[in-house]
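*Asks:* My questions will all concern the structure given below.
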Amino acid sequence: MLLRPRRLPAFSPPSPASPDAELRSAGDVPVTTSDAFATSGGMAEPGSPKAPVSPDSAQRTPWSARETELLLGTLLQPAMWRSLLLDRRQTLPTYRRVSAALARQQVRRTPAQCRRRYKFLKDKLRDSQGQPSGPFDNQIRQLMGLLGDDGPPRVRRRSTGPGRPQRRGRSSLSALAPAPAPVEQEAELPLAAENDEPAPALRFSSSTTKSAGAHRITSSPPLTSTDTLPPEPGHTFESSPTPTPDHDVETPNEPPGLSQGRASSPQVAPQSLNTALLQTLTHLGDISTVLGPLRDQLSTLNQHVEHLRGSFDQTVSLAVGFILGSAASERGILGDLRQ
């Protein structure tokens, strides 16, 4: 049983001789030549720690311009961007080295913060189309070009493992495309066995040979007495015509409508659209035939309304004249009586 080294106290700084216990307990990737190259050559000072910044001692303030410039400068070093380019799925060890390099320059940022910061800058540069350029756009473009991130954002794909079910679209395509291949192979194997070994083929008949010759037997005329006779001693099985695998003949293991369904499946959608359009046009013709008489009836009703309006005007004028005449006659009669 391996004994883990005792964790150093939080208040005591890590010594140069002993690396941080968190790095060793996490079981990180061992130091390679690229790691040694990253820690040497201007990035590491003599006597500085090589461990990344822990979340407890990291800064929680927003990134400043100096911190962003140091982060991009660290990522643009060949050891860093080559490590990110070689292993895209496991970028955390590389960002641990970036965090350690920034810690030596008095920037306390965790590996996750460094990764999120670069992703934020990359997305912001992609979204800033037609806007004025920022102070770090050239470095971000250079880093994106080195890492191959200058194209459109990638769609994350998950590899189908042994325990992961396949998607429905892929399974249906794989079920349709390579389905006839095993049938043809199974049909070719018995034929080769019959040609190579005639006697065992007659003695032991497999189900595959029976199923392969079922279509030939059903389509051929009924057997006569000569066909039922056993073969002659000198007559071998090779003299009989061997059935050649014909792609037009349906195999017994394949459903009868599968080959026709494959040929007509691309034409199903256009036929259904044409049928729907024809039905729509037929319904529109029926509607027009129904609306024609209704239009005639509405025009007739409009004429009747006009006639009724004229007769109503005449009736009103006659009534008004009758009322005025009766009033005038009453006035004349009353005037004569008073005189």
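Cβ from N, Cα, C; glycine included.
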*Asks:* Check the candidates S18, S265 against Swiss-Prot and report the one noted as phosphoserine.
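*Replies:* Looking at Swiss-Prot, the phosphoserine feature maps to S18.
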*Asks:* According to Swiss-Prot, one residue in S12, S54 is annotated as phosphoserine; name it.
*Replies:* S54
*Asks:* Averaging the per-residue pLDDT over the region 'Leucine-zipper' (279-310), what integer do you get?
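*Replies:* Mean pLDDT, the region 'Leucine-zipper' (279-310): 93.
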*Asks:* Going by DSSP, how much of the region 'Leucine-zipper' (279-310) is helix, how much is strand and how much is coil, in residues?
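*Replies:* For the region 'Leucine-zipper' (279-310), the helix, strand and coil counts are 32 helix, 0 strand, 0 coil.
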